[in-house]
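Structure, as structure tokens:
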Amino acid sequence: MKLTVEHTSFGYKKSTPVIQNLSFTAESGQLIAILGPNGAGKTTLLRCTTGLLKWNKGISRLDGENTNQMPAKEIWKKVAYVPQARGSFAALNVTDMILLGTTSRVGVFATPGQKERDLVVQLTEELGIQRLLNKNCNEISGGELQMVLIARALAGKPDLLILDEPESALDFKNQLIVLNTMSRLVAEGICVIFNTHYPDHALSRATHSLILQKGGASIFGETSKIVTEENIKKAFGVQAVIGKTETAGHVYQSVVPLKVIKAQGTCEKVADSTQQQLALISCIITDPGIQPKLNTLLKQYETYIVSHDEKPLQKATIATITMSAPAEEVTSLAHEISVFPGVAVKTTAVPKQEAANG
Amino acid sequence: MSTAEDEPQKSTGISLPWKIILVVLPIAAALASLCFGRYAMPIQDIFHAIHDAIFGGNTVSPQVATVLWSMRMPRILLALLAGAGLSAAGCAFQSLFSNPLATPDTIGVASGASFGAALGLLMNFGLMGVQVVSLIFGLAALILTILAGSNKKRSNLNSVVLAGIMMGSLFSALVSLVKFAADPENQLPAITYWLMGSLDAAGYDSLLLGAPPILVGLAVLLLLRWRLNLLPLSEDEARSTGVNVTVLRGITILCATMITASVVSMCGQVGWVGLLVPHMCRMKFGNNHTALLPASVLAGGAFLVVVDTVARSISASEFPISILTALIGAPFFIYLMRRTGGWQL
């Protein structure tokens, strides 16, 4: 699956554009976070991306086809959308709710059969919510409903899963469950795009991020080059520091907001600086399924990689990557590796200058 | 695979005993209704008469045959159809507008049809004339509502509901105007009585005209029963299943309206059935339309047959049916709501 959005714009009224000249690409295996202040148009962006709204300008292609011209049915064969969870009148039970996701694949006058029911059981087992199958959607918690809606979306067997603030109204255990589910789906090979209010979640999960500013400007790229203190200041009007918490296997980043300031300026993707680093990225890979994905990723950074060794150690694999690259590229690769589930990763680096002088 | 340890999967549909009850209920009600009335007849006579009708013969008196075939039978058929139709229409409208208070009259169709009927009575049209005029005004009310409530840019169901309520009050006012203009000696009572709803006028002619729209509407809704589950979802959610929701809504509105207009044109405003029966079924069978809709149709038919039988049996002059649907329905509804702990909206 490949989605390319090229120079698109959208506004409910011509005079006030919500999104201007937006470009990004989404591919299988990527987890993309969309950040932006309240009212910037994040949901609008998702609705345009799914074809629920049509772009006014520019072109968006799903596997090469212009989404503005694709019949809705064709788009929804590849794309699934999880709106913000809320109860509705006449709530169904969980099984039926998930079965609704298969509707377009059963005949107009037909009712989902045993095949679809088996799929529902399988999906709920994978998501760990089989205990909910017989409950009514009104009896379950917000976090559980969110998982049910994800299951409903997955019942359509999408290549691209789009979620609108999936973790917003949840406590942090449930946030973690939802985020883990997204990471796992991406590791299994689909593409996930989600809106979020939490830069932390973008930093801990997303391979790529997109920041949408009020007025319609946007930037897109590898998360470590997008979610920065500078861009948070410009987009949200919040002075913040990005702190680091180190555990045995990871360095986690989190955003600490300090002070409200005026949001001004246009966000910019971090460019490569002139400062070159010698770096060693060491990983312990406990999930063998990640190996091919890691190799694909390393291909993208080929020019900067000096050497790459892997050796098995008991059931895990130890990988060491040596790089000579601008600091930003080192951070970016290390970050992209760190969002894989089942990989512990740390970086050691020195400025090249120092190495030469030393 | 599910094993014995797993919680047994609760059937999402109707359990077998309830299936049997739901199917037997309208038939039993109809048979009982054939016996009851001011000319009571034993059940054997009914079976004999049916036997006569199919295989020929002359085992029952012509009097019995007349009462049975030309008076009670069309009336019971009408009750079955009207009850089933109104329940299905109410159920569809509640889901469509995500509103538990929606009834078959929500978008002004019943008021339109009532005005048509009142106008027909004012003009002294015959029974069939009244029915035709009523049907036409019912559909006209729908078209006006849709025109007033829909917007070129995007369809918003709330504005359709609002437009429907406006159209309903407009036609109600017109009904009052017709009443005001009517001759108070005989036209006014006729209009008033008609508006309270009565299955008195049932006949095969009237059924021939009124039944097809109801049957077609019911058939389409029943066939679409799984997809109707998409209606209460939010617009984006429903569209994201890949189903063309605009078309689905259009078909639902058209079917439910056709049913309502046709019922009103035959027997006036029979209130409450379209609200009570679907909610009773929601409490008992849940909100999945694959179970809910057939259950509503069967229970609605049975309910109206029972109510109508009471209406024509309890007093020398016939009792207006809307009064009875409320008198019987509301307490039963409250009883059911308390017993099941209600249902969550």
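Each Cβ is built from the backbone N, Cα and C atoms, and glycine gets one as well.
Just so you know, TrEMBL annotations never went through curation; they're auto-generated.
Because the structure is a prediction, the values reported are computed rather than measured.
Here the transmembrane segment (B:20-41) has long-range neighbours at 14, 64, 67-68, 72-73, 76, 79-80, 294-295, 298-299, 301-302, 305-306, 308-309, 312-313, 316, meaning same-chain residues at least 6 beyond its ends whose C-beta is under 8 angstroms from one of its own. Per TrEMBL, transmembrane segment is recorded for B:20-41 (among others).
The transmembrane segment annotation in TrEMBL covers B:76-97 (among others).
Summarising the annotation, TrEMBL assigns transmembrane segment to B:117-148 (among others).
Here TrEMBL flags B:160-182 (among others) as transmembrane segment. Through the fold, the transmembrane segment (B:160-182) approaches residues 97, 99, 102, 105-112, 114-115, 118-119, 121-122, 137, 141, 144-146, 148-150, 188, 191-192, 195 of its own chain, all at least 6 residues removed from its boundaries and within a Cβ separation under 8 Å.
Summarising the annotation, TrEMBL assigns transmembrane segment to B:202-226 (among others).
Taken from TrEMBL, the feature transmembrane segment applies to B:247-271 (among others).
Annotated transmembrane segment per TrEMBL: B:291-307 (among others), in sequence order.
Within its own chain, the transmembrane segment (B:319-337) is flanked in space by residues 193, 196-199, 267-273, 276, 279-280, 283-284, 303-304, 306-308, 310-312, 343, which lie at least six positions past its ends and keep a Cβ under 8 Å from the stretch. Under the heading transmembrane segment, TrEMBL lists B:319-337 (among others).
The stretch from B:117-148, B:247-271, B:291-307 with the most CB pairs below 8 A to the transmembrane segment (B:202-226) is B:247-271.
Residues of the same chain lying 6 or more positions beyond the ends of the transmembrane segment (B:247-271) and with a Cβ under 8 Å from any Cβ of it are 78, 81-82, 85-86, 88-89, 92-93, 96, 104-105, 107, 109-110, 112-114, 116-117, 130-132, 134-135, 138-139, 141-142, 146, 155, 157, 194-199, 201-202, 206-207, 210-211, 213-214, 216-218, 220-221, 224, 227-228, 230-231, 238, 304, 321-322, 325-326.
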